[in-house]
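Lifted from TrEMBL, the feature list:
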- 20-42: transmembrane segment (TRANSMEM)
- 63-488: domain 'Major facilitator superfamily (MFS) profile' (DOMAIN)
- 138-160: transmembrane segment (TRANSMEM)
- 166-187: transmembrane segment (TRANSMEM)
- 199-217: transmembrane segment (TRANSMEM)
- 229-249: transmembrane segment (TRANSMEM)
- 299-320: transmembrane segment (TRANSMEM)
- 340-358: transmembrane segment (TRANSMEM)
- 370-388: transmembrane segment (TRANSMEM)
- 394-418: transmembrane segment (TRANSMEM)
- 430-452: transmembrane segment (TRANSMEM)
- 464-483: transmembrane segment (TRANSMEM)
- 495-519: region 'Disordered' (REGION)
Amino acid sequence: MQKKVIEEDDVGVKARSVLWYLSFIGFAMNYMIRINVNIAIVDMISPEFKGKSITSSECFEFENTTMLIANKTDSLDHDAKYVSLEKRFLDYIGANYDRDGFKWDAKKQAEVLAAFFTVHFATQLPGGILAQKYGTKLVFGISNFFGCITCILVPIAAYYNFYALIWLRILQGFVAGAAWPAMSHMVGKWIPPNERSKFVTAYIGSSIGVSICYPIFGFIMKTTSWENVFHFCGIVGTLWFIAWQYFVYDSPEHHPRIHENEKEYILQALGSSVVRGTKPKYQTPWKAIFTSVPMWMNIVAQWGGVWGLFTLIAQAPTYFKFVHNWGIEMTGILSGFPHLLRVIFSLIVSTICDHLLTTNKMTRTNVRKLATFICLILNGFFVIGLAYSGCDVFTAVVLLTISLMLHGSVSSGALASVVDISPNFAGVTLGINSTFSTFSGFISPMIVGYLTAGRQHNVEPWKYVFLICSAMQISCGIIYMIFSDSSLQPWNKPRELQHNRDTAKNTTEEDGELRAIRK
């Protein structure tokens, strides 16, 4: 007789709810590390250099001499009121540095924005493997904490030397790359199949990292200095890490405060699809994984999604600053607001998708295809509209907002499918997935830098930036719709290590001998 499923109505605060909130904030921290330079760079550039870079615009009138004098005056007044810790230190030791901003052209600015992603791919697969071996609590926690705490060094590195900043950002990207695949391993251990769409919305915490941090950073830069943006990241990241270490555990069996009913419910729901134990030892089926069509389709979907997302979140502040002449506070608010809608939309879509799965109204594969259609194909058409919005700032804001909002359905699409096809190896498969897809986060800013070099204020180069973005999204979405499969794959069932197989073999032989004696 089938065992009755445990009810959870009276368990109080669920351990996996706490896990969701801290994971959500953790992903916000992870993206805070990525995007802090995107908005800070607007104030990091020398006012004189900004004046030289912008001489005319199709969308607003620019008085070069007047603006240049105003920027100089504002900069001097600002320095008189707020003197950064870094400047105090550099003045004390008598160092030579660019006090009034950095003289970086569009190419150098693109290098700064792309530096984080230069080797970001290199720790994606190791992150999944390390989580499988040592646990997500350690890998996800250390990855985010290191990235946040090293933000404190960004201002002094920038003042010291341009390439010191580049290398620091490369190091941050390298370590932070392990976080995403590590979390998928924990999802496989904790979350019942029909709850994965909703739980994976925690990944969209990255959007909260953008929607909240952009306006906060804008306020910090307006009232104090851009250096304090990076100090803020270090402090907030440290507080999150303390909470993560205390409340989070790698599996329900390890959690000392989880309600017994919740633990039993999770274990029953996951059943035999997940290998359990203190340190389960099994071989990773590398050949089966790398020859799996469903796994490669998730990579294709993520490539298109990451290209679109990273292009828009990294370039929105620069685009609105130079094309539409927005101030830093307005840039912060309206660059961040679409990401808040992305979170809300993600929660709505995930609730609908989990309902479709629970009531058996759609197959798991079709649910993931539906979400990916919204995330990529429908999204891509709005980005085409953004490309042709020209100087119409209202239309640009609306289309950018809708585009980023629609990307929220990724949590119910390819991201959830990674766990669907193999909960046992979700960390490894997402690591492989992210290894490829994060290349788009490196390539996209370089293309933007090439297209907009010396023409950041012109509409035409930005049109091609957005058209390339939409082409990536729509083409990847079509491929996914045709070939994807989100059913549990045969290679999810792991083979035991040789030691365990030998033990099982010896036991079988001994049983055979006993049966022979009895006969």
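Heads up, the Cβ atoms here are built off N, Cα and C, so glycines get one too.
Annotations in TrEMBL come from automatic prediction, not curation.
Distant neighbours of the transmembrane segment (394-418): 184, 196-197, 200-201, 203-204, 207, 294, 297-298, 301-302, 305, 308-309, 312-313, 316, 320, 324, 334, 337-339, 341-346, 349-350, 353, 367-372, 374-375, 378-379, 382-383, 385-386, 426, 429-430, 433, 480, 484, 486; these residues of the same chain sit at least 6 beyond its ends, with a Cβ under 8 Å from one of its Cβ atoms. When Cβ distances are compared across the two stretches, the transmembrane segment (340-358) makes no contact with the transmembrane segment (166-187), since fewer than 3 pairs at least 6 residues apart fall below 8 angstroms. Touching of the transmembrane segment (430-452) and the transmembrane segment (199-217) is ruled out by the presence of fewer than three CB pairs under 8 A, sequence neighbours closer than 6 excluded. Long-range contacts of the transmembrane segment (370-388) within its own chain (CB-CB distance under 8 A, at least 6 residues past either end) are made by residues 197, 301, 304-305, 308, 312, 349, 353, 362, 395-396, 399-400, 402-403, 406-414, 416, 462-467, 469-474, 476-478, 480-481, 484. Sequence-distant contacts of the transmembrane segment (464-483) (same chain, at least 6 residues past either end, Cβ-Cβ under 8 Å): 293, 297, 300-301, 303-305, 307-308, 311-312, 315, 369, 372-373, 375-377, 379-381, 383-384, 386-387, 414, 440, 444, 447-448, 451-452. Same-chain neighbours of the transmembrane segment (138-160): 23, 26, 29-30, 32-33, 36-37, 44, 84, 86-87, 89-90, 95, 97-98, 102, 123, 127, 130-131, 167-169, 171-172, 175-179, 182-183, 186, 226-227, 230-231, 233-234, 236-238, 240-241, 244-245, 248, counting only residues six or more beyond its ends whose CB sits under 8 Å from a CB of the stretch. Through the fold, the transmembrane segment (199-217) approaches residues 16, 20, 23-32, 35-36, 39-40, 180, 183, 187, 190-191, 229, 232, 313, 317, 329, 331-333, 335-340, 342-343, 346-347, 350, 404, 408, 410-412, 415-416, 419 of its own chain, all at least 6 residues removed from its boundaries and within a Cβ separation under 8 Å.
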